[in-house]
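Visitor: So Swiss-Prot lists the following for this protein:
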REGION    1-46  region 'Disordered'
MOD_RES   Ala2  N-acetylalanine
MOD_RES   Ser14  phosphoserine
CROSSLNK  Lys23  SUMO2 cross-link
REGION    59-79  region 'Interaction with PPIL1'
CROSSLNK  Lys81  SUMO2 cross-link
CROSSLNK  Lys97  SUMO2 cross-link
CROSSLNK  Lys115  SUMO2 cross-link
CROSSLNK  Lys141  SUMO2 cross-link
CROSSLNK  Lys158  SUMO2 cross-link
REGION    174-339  region 'SNW'
MOD_RES   Ser182  phosphoserine
MOD_RES   Ser190  phosphoserine
CROSSLNK  Lys193  SUMO2 cross-link
REGION    209-234  region 'Disordered'
MOD_RES   Ser224  phosphoserine
MOD_RES   Ser232  phosphoserine
MOD_RES   Ser234  phosphoserine
CROSSLNK  Lys240  SUMO2 cross-link
CROSSLNK  Lys258  SUMO2 cross-link
CROSSLNK  Lys286  SUMO2 cross-link
REGION    311-386  region 'Disordered'
CROSSLNK  Lys339  SUMO2 cross-link
CROSSLNK  Lys344  SUMO2 cross-link
MOD_RES   Ser446  phosphoserine
COMPBIAS  469-489  compositional bias 'Basic and acidic residues'
REGION    469-536  region 'Disordered'
MOD_RES   Ser479  phosphoserine
MOD_RES   Ser481  phosphoserine
COMPBIAS  503-530  compositional bias 'Basic and acidic residues'
Amino acid sequence: MALTSFLPAPTQLSQDQLEAEEKARSQRSRQTSLVSSRREPPPYGYRKGWIPRLLEDFGDGGAFPEIHVAQYPLDMGRKKKMSNALAIQVDSEGKIKYDAIARQGQSKDKVIYSKYTDLVPKEVMNADDPDLQRPDEEAIKEITEKTRVALEKSVSQKVAAAMPVRAADKLAPAQYIRYTPSQQGVAFNSGAKQRVIRMVEMQKDPMEPPRFKINKKIPRGPPSPPAPVMHSPSRKVTVKEQQEWKIPPCISNWKNAKGYTIPLDKRLAADGRGLQTVHINENFAKLAEALYIADRKAREAVEMRAQVERKMAQKEKEKHEEKLREMAQKARERRAGIKTHVEKEDGEARERDEIRHDRRKERQHDRNLSRAAPDKRSKLQRNENRDISEVIALGVPNPRTSNEVQYDQRLFNQSKGMDSGFAGGEDEIYNVYDQAWRGGKDMAQSIYRPSKNLDKDMYGDDLEARIKTNRFVPDKEFSGSDRRQRGREGPVQFEEDPFGLDKFLEEAKQHGGSKRPSDSSRPKEHEHEGKKRRKE
């Protein structure tokens, strides 16, 4: 069995199979067709109302002049449709040049590598080939100089073209040419056998526009290739993802023009404090550990102190019970009449025990002094045999407290002030103060009054004369005016308006600035007769 029997049928046919199938179909249609369907135009004289529209309507001829309709035989004169399809090009070997697709929209001088041979390195058959040798120093310098000159020329031309005003180009130097005419003789060339011609470049107008178009339109290059799709196929977005994609609005800590109510959690989220990583110093752990250790030691010390206090209380209790037991024993013996002969011996033994106890305390004190710090030891030794009178601080009141309330006796038995009872109980009389403050002196004499010698250094000795000088007084007064009279006495005196100024102002206000008052204001003259003007 062949291998093709196990393979599935192809979904697409190759080019050869398509051509063979098309050829077979055409043969079958040629065999089955009985009548040829050839379309020809109607004969002359029967073309009324007939309009040629297809290429078959024209037959083998051209247009029909008697039919006044736009006609395009063989599609001549018809506008061709614009297409971006490229024409197939072949190389010298007859192979299709597929690099035309890559060259579309690029300049003709651009090098495009589109073949496999462009990727394969060339094999060097002869290492001594002069084309593969490095150039010498002279060739490098020559090429460098040519390149520099060409670049300078190009740059200078571009800079000069960009400037709004430029100078005329420098003319080339004059050339001298020796000319020998072909016709020799006295009748030709003024009898001269040779001539020297001086050729000079014609001066060019710098403002003349260019005569020829040297720019070549290049088709637009292809766009950038599309970005590759490298994500998974689309799936339905979940509610959680939608909530995660919600972008919170911009929340400002200073402005809220709309007056929205913003929750605190949203404001803190907008503040960005939760995004910052909190770095805790290791000293916090050390402090917590130290506090824990100090607390534990304090608890242990309190517990130990409580145990010592309990033991001391137990010893005191036992000692008290022993003392009570001895007292009870002595009382029983005294009632029984038994005399104790050891009382004297007990008293001497007690004195010896007290002396022994005092010496033990002194030795303990000396040991504590020897173990104490130097500064504390010196302080204790200094205060050891000090007189008690030195401890008293001089100039400090005695802080002895007394339960009795002390009063100042100078405040009692006074006939004036609050203790006198407001003039013997007569509260209608306002005589709380028995005399005026500051002895009844004028306050204006002592307040805002500079001293006499304050401005003496600035104005000199004529300060009083300057003060007494009448300022703002005209040199020549009006007749009838008396400047010597003092201020007015009595109430202000008024007199009637003799010139009618009040009436004039009132009419001007009523008419709103009109040039001539109306007749309606004339009957009101009696209202202004009672007006009075203030006289100063």
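Here the Cβ of each residue, glycine as well, is placed from N, Cα and C on the backbone.
Keep in mind the model is a prediction, meaning the values are calculated, not measured.
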Visitor: Within 10 Å of each Cβ, count the other Cβ atoms and name the one among the recorded sites Lys23, Lys97, Lys115, Lys286 with the highest count.
Guide: Lys97
Visitor: Excluding the flanking five residues on each side, which residues at least 6 beyond the ends of the region 'Disordered' (209-234) place their CB within less than 8 Å of a CB in that stretch?
Guide: 104-107
Visitor: To the nearest whole angstrom, what is the C-alpha distance linking Lys193 (SUMO2 cross-link) and Ser232 (phosphoserine)?
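Guide: Approximately 95 Å lies between the Cα of Lys193 (SUMO2 cross-link) and that of Ser232 (phosphoserine).
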Visitor: Tell me, by DSSP, whether Lys141 (SUMO2 cross-link) is helix, strand or coil?
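Guide: Assignment for Lys141 (SUMO2 cross-link) reads helix.
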Visitor: Please name which of the recorded positions listed here, Lys81, Lys97, Ser224, is nearest in space to Ser234 (phosphoserine), Cα against Cα.
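Guide: The answer is Ser224.
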Visitor: According to DSSP, does Lys286 (SUMO2 cross-link) sit in a helix, a strand, or coil?
Guide: helix
Visitor: Determine, using Cα-Cα distances only, which of these recorded positions is closest to Ser182 (phosphoserine): Ser14, Lys23, Lys115, Ser224, Lys286.
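Guide: Of the recorded positions Ser14, Lys23, Lys115, Ser224, Lys286, Lys115 has its Cα closest to that of Ser182 (phosphoserine).
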Visitor: Whole-number Å only: compute the distance from the Cα of Lys258 (SUMO2 cross-link) to the Cα of Lys141 (SUMO2 cross-link).
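Guide: Roughly 75 Å, rounded to the nearest whole number.
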Visitor: Measure the Cβ-based neighbour count of Ser190 (phosphoserine), defined as the other Cβ atoms within 10 Å of its Cβ.
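Guide: There are 7 of them.
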Visitor: Cα of Lys158 (SUMO2 cross-link) to Cα of Ser232 (phosphoserine): how many Å, rounded?
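Guide: Cα-Cα, rounded: 52 Å.
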Visitor: Have a look at the recorded positions Ser14, Lys81, Lys115, Ser224 and say which one has the shortest Cα distance to Ser232 (phosphoserine).
Guide: Ser224
Visitor: Minimum Cβ neighbour count within 10 Å among the recorded sites Lys81, Lys158, Lys193, Lys240: which residue?
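Guide: With the recorded sites Lys81, Lys158, Lys193, Lys240, fewest surrounding Cβ atoms within 10 Å: Lys81.
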Visitor: By CA-CA distance, flag whichever of Lys97, Lys115, Ser224, Lys240, Lys286 among the recorded positions is nearest to Lys23 (SUMO2 cross-link).
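Guide: Spatially nearest to Lys23 (SUMO2 cross-link) by Cα position is Lys97.
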